Amino acid sequence: MSLSKEEDTAVEMERVSSSDLDAEKAHATEHAERLSELADPDAGKSPEERAAIDRKLMRKVDLWLIPWLCLLYLLSFLDRSNIGNARLAGMEEDLDMGGHDYNNALTIFFISYALAEPITNVLLKRLTPRVFFTSIILLWGLIMTLMGLVTNYAGLLACRWFLGLAEAGLFPGVNYYLSCWYKRSELGMRAAVFFSAAALAGSFGGLLAAAIAQMEGVGGKAGWAWIFIIEGLATMFVGCFCWWMVFDWPATARFLTEEDRLRLRRRLAADNQSSTAEEYDKRHVIAALKDWKCWGYAFIYMGNLCPLYAFSLFLPTILAGMGYQGTHAQLLSVPPYAVAATCTIAVGWIADRTRQRGLCNMVTATVAAVGFCMLLGTQNPTIQYAGTFLGAAGIYPTIPNTLSWASNNIEGIYKRGVIIGIVVGWGNLNGVVSSNIYIKGEKPKYYTGHGTVLAYLVVCLLGGTIFMYTMLRAENKRRLSGKRDNMHAGKSADDIWVAGDNRPDFIYTL
């Protein structure tokens, strides 16, 4: 977001301190900010003083952003996956479901979810994060509540379809949103903490479902219906506060001082990251669609998402196949998710420190593959249960790590938003596959389910990561050796700006 040469430091400070609306309009007319054109509020301070100020600033940003976003995603994942707990509580019998009806109810969610995701980040930019996140959270909370009131299979399908539409914007939106606040080397840990809420949702969801299911018969409703109703109402309650808890962009954050807003934008500009809105230009969309990395990360991410949803939606079913039933199966699902949450945060920390996101993906994919080999290769319940721990420990960390990797290597707010939307949308479309691979007739072996997940892990996640790592490493060598210095010779500054990360001074994160 570059400032015009006529703007001096005073104008810059005045614009930063103006109203949210005026600041948004001003930013929307600019391109990527340049460090040299942003006033330095810490001029004259020593490096030690600057470092202390920076640490204090980022602690403030972390405390305002991360806990709230984690809560929102915990509710999102809880609401989409609690159908597995409702199944154990008798939903299928009450709604007269048989055959592949349960699988179809899972599938229809992912179809609408995947169709809506590619456009959600553009909507987020148009509506601002505060409006966008508040709207979708209230909407999906209402739909979840209505799911508890359905009396037939058709009503369940309708609710699952609209739930997919409403939830589609949260995950890609938050990953895109975080990339507008943090440097590339800081994004992985924050994204990992955010996504660990999904694992906590699985752990917390099992405990909550076991408790709520005891409300069987209260108000004439079944226990599974109360799971949907109570969790939906809780989501709407939290959504009511979202308007005050979500802040649009660094330049308009009300919890920061004028100087802190400028410091935040300067640190992002120094990292070659766009910090806020940029002018919409269809060339960004075209550049995103033509970028091979978009499709490479989409291939990797599909290797993430099919195993993720297979695990989260069918873990209670897998445990039931081992001989555990009802509340016992609900409670046994808790420990693997606790391990997943811990590993997700640990891998995020390691990836940020080493900046080796590709290698982290290779390790976690291998761990997950070993876990599913254990599920596939034996009928011993103890070994199978141990396999669920390895599966969870390998699958969950790869989600935020892959998206952080993609965000690190895509420059330009709109281009990044479009690519993240495509990657997440395509990945979630593979939820259609995961919804249909655990077949009731194969209980308890589930060869099709475990085998399909293993294939996704090895071919897409591990194979795709190795390919991406190799290609990016080779391109970095060409840029560092000067072989790409003339790649934009003769082009205008505007054309080079549109190129985003496709310029010789941009070095990819491996």
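Backbone N, Cα and C define each Cβ position, glycine as well.
As written in TrEMBL, here are the features:
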{"type": "REGION", "residues": "1-46", "note": "region 'Disordered'"}
{"type": "TRANSMEM", "residues": "61-78", "note": "transmembrane segment"}
{"type": "DOMAIN", "residues": "65-475", "note": "domain 'Major facilitator superfamily (MFS) profile'"}
{"type": "TRANSMEM", "residues": "105-124", "note": "transmembrane segment"}
{"type": "TRANSMEM", "residues": "131-155", "note": "transmembrane segment"}
{"type": "TRANSMEM", "residues": "161-179", "note": "transmembrane segment"}
{"type": "TRANSMEM", "residues": "191-212", "note": "transmembrane segment"}
{"type": "TRANSMEM", "residues": "224-246", "note": "transmembrane segment"}
{"type": "TRANSMEM", "residues": "299-322", "note": "transmembrane segment"}
{"type": "TRANSMEM", "residues": "334-351", "note": "transmembrane segment"}
{"type": "TRANSMEM", "residues": "358-377", "note": "transmembrane segment"}
{"type": "TRANSMEM", "residues": "383-406", "note": "transmembrane segment"}
{"type": "TRANSMEM", "residues": "418-439", "note": "transmembrane segment"}
{"type": "TRANSMEM", "residues": "451-472", "note": "transmembrane segment"}
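Residues 80, 83, 97, 132, 153, 156-157, 160-165, 167-169, 172-173, 176-177, 309, 313, 414, 417-418, 420-422, 424-426, 428-432, 434-436 of the same chain lie 6 or more positions beyond the ends of the transmembrane segment (105-124) yet place their CB under 8 Å from a CB of it. Spatially, the transmembrane segment (383-406) is not adjacent to the transmembrane segment (224-246); fewer than three Cβ-Cβ distances between them are under 8 Å for residues at least 6 apart in sequence. Within the same chain, the transmembrane segment (224-246) stays apart from the transmembrane segment (418-439): fewer than three Cβ pairs sit under 8 Å, each pair at least 6 residues apart.
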